[in-house]
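Trainee: So TrEMBL has the following annotated:
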DOMAIN    231-426  domain 'HD-GYP'
DOMAIN    253-375  domain 'HD'
TRANSMEM  12-28  transmembrane segment
TRANSMEM  111-131  transmembrane segment
TRANSMEM  143-170  transmembrane segment
TRANSMEM  182-200  transmembrane segment
TRANSMEM  206-225  transmembrane segment
Amino acid sequence: MKGMSTKLKAYTLFIISLGMMSIFLGLINISADIMPSLAFFATLGIIAESLNIRIRGSAAVSVSFTIGLSAVLIYQSYLASIIGFMSMFFCIESVNGEIVHILNTSKYKRLFNGCAYALSLAVASISYRFFKIDVLYMNFLGLNIVSIIACVIAYLVTNSLIFMGLMALLEKKKFRQVFSDNKWAMLNILALSPLGTIIAASYQNYGWFAVILFFGPLLIARYSFKLYMDMRHVYFETIKALSSAMEAKDQYTNGHSYRVADYAVGIAEQMGLKADVIDKLRTAAILHDIGKIGIADSILNKSGQLENNEYLEIQKHPEIGAKILSEVDFLAEVAHIIKHHHERYDGKGYPDKLEGPQISIESCILAVADAYDAMTSDRPYRRAMSQQTAMNIVLEQVGKQFNPVVVKSFIDYLNAQPKEHIAHVS
């Protein structure tokens with residue numbers, strides 16, 4: 001709990017208290033005859049949560065909700081909270097190649113996650129019983145469909161409010177922006193709901209073996225998705241390596257792409273852009289000069305002024321880069337950002353001479369970040385400019401080379417940085 005704000009401490013303790021209450025209500029209702037089934041579903045829940053797949057940063061896709069929903073539909077009580085808590089608290093994950101478990105991670109974080117999941121399942125269980133309305137043809141193998149819909153909605157609302165509230169406090173963002181950034185998680189839950197229902201119905205009608213039969217294909221689907229994500233990662237790392245190798249040939253541009261990515265992400269966050277847009281922008285920034293692979297080294301490293309024909313050759317690199325990336329399916333979506341990062345707001349840029357709103361906001365952000373880092377870095381033909389000098393040039397080009405809104409956000413971003421890192425800009 002060290003380093004947590006008072007608000008964050010109060011919030012997490014409140015959720016933990018409610019979660020522990022739901023677990024307690026489940027524990028006092030345990031009987032000897034249901035212990036084996038509880039242990040069975042708790043084990044499945046731990047396995048499912050242990051096999052989550054990280055997709056970006058701390059975000060992960062998990063199939064454990066299928067087990068949580070099954071527990072709600074089978075027990076229709078606070079017993080589901082026990083299974084949910086154990087799934088989160090005792091899971092074993094692989095994070096960046098390191099095995100993470102209860103013994104080497106924050107117990108408080110696991111306690112919060114477990115209690116949040118337990119509370120969400122408790123609310124879902126209450127909703128299932130409350131909305132148990134008999135409607136003709138609205139039953140599925142003994143399960144009430146109206147109740148299922150109600151409990152899934154209740155879970156979605158409760159779980160989303162808990163974790164989006166937490167993220168809003170942690171990241172100091174407005175709740176609306178956090179909601180927009182994490183809508184994909186709700187879709188994941190909705191997609192898993194039918195399978196959770198089928199597992200519950202199978203257990204009630206056919207027993208444990210039927211659950212295992214459905215759980216097996218679920219793990220196979222998870223494995224296939226992991227292979228796909230691993231392949232994406234390998235492709236991306238390969239192209240990043242090519243970009244880094246190209247930069248390493250020139251001491252003046254080494255690290256340029258990653259600095260541009262930092263600036264671009266900072267601007268995008270200042271503008272309140274969505275998380276998926278920021279992710280694409282980060283990728284585009286890291287790879288924005290990949291097209292220079294197709295430009296002769298004699299031109300790239302020339303210490304004097306470029307001839308007209310050499311300058312025209314340099315201008316081809318955005319299109320070359322876009323063509324390279326468009327050949328890779330999951331990078332094709334950033335190709336247009338890279339293609340247009342040398343367009344100008346006044347329409348005098350290249351390659352397509354786009355102007356104003358014709359240029360995507362991502363390309364406008366990348367243009368500012370790229371130009372600023374280029375000016376504040378040493379180059380073969382000049383020494384680095386001071387940050388203030390570079391910013392003055394950026395300000396002079398507002399409405400000409402650069403998008404005014406992007407420049408305003410860039411100034412706000414720079415001024416929010418620690419003074420020892422970036423000088424104040426006016």
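The backbone N, Cα and C atoms fix where each Cβ goes, and this holds for glycine too.
Unlike curated records, TrEMBL annotations are generated automatically.
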Trainee: Excluding the flanking five residues on each side, which residues at least 6 beyond the ends of the transmembrane segment (206-225) place their CB within less than 8 Å of a CB in that stretch?
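Mentor: Beyond its ends, the transmembrane segment (206-225) has Cβ neighbours at 37, 40, 44, 48, 51, 53, 61, 63, 66, 70, 195, 198-199.
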Trainee: Six or more residues beyond either end and a Cβ under 8 Å away: which residues meet both conditions relative to the transmembrane segment (143-170)?
Mentor: 5, 7-8, 11-12, 15, 65, 68-69, 72-73, 112, 116-117, 119-121, 123-135, 178-179, 182, 185-186, 189-190, 193, 197, 200-201, 204
Trainee: Let me spell it out: take the transmembrane segment (182-200), skip the flanking residues so only those 6+ beyond its ends count, and list any with a Cβ under 8 Å from a Cβ in it.
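Mentor: 59, 61, 63, 65-70, 72-74, 140, 143, 148, 152, 155-156, 159-160, 163-164, 167, 211, 214-215, 218, 275-276.
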Trainee: Could you tell me the mean pLDDT over the domain 'HD-GYP' (231-426), as a whole number?
Mentor: 84
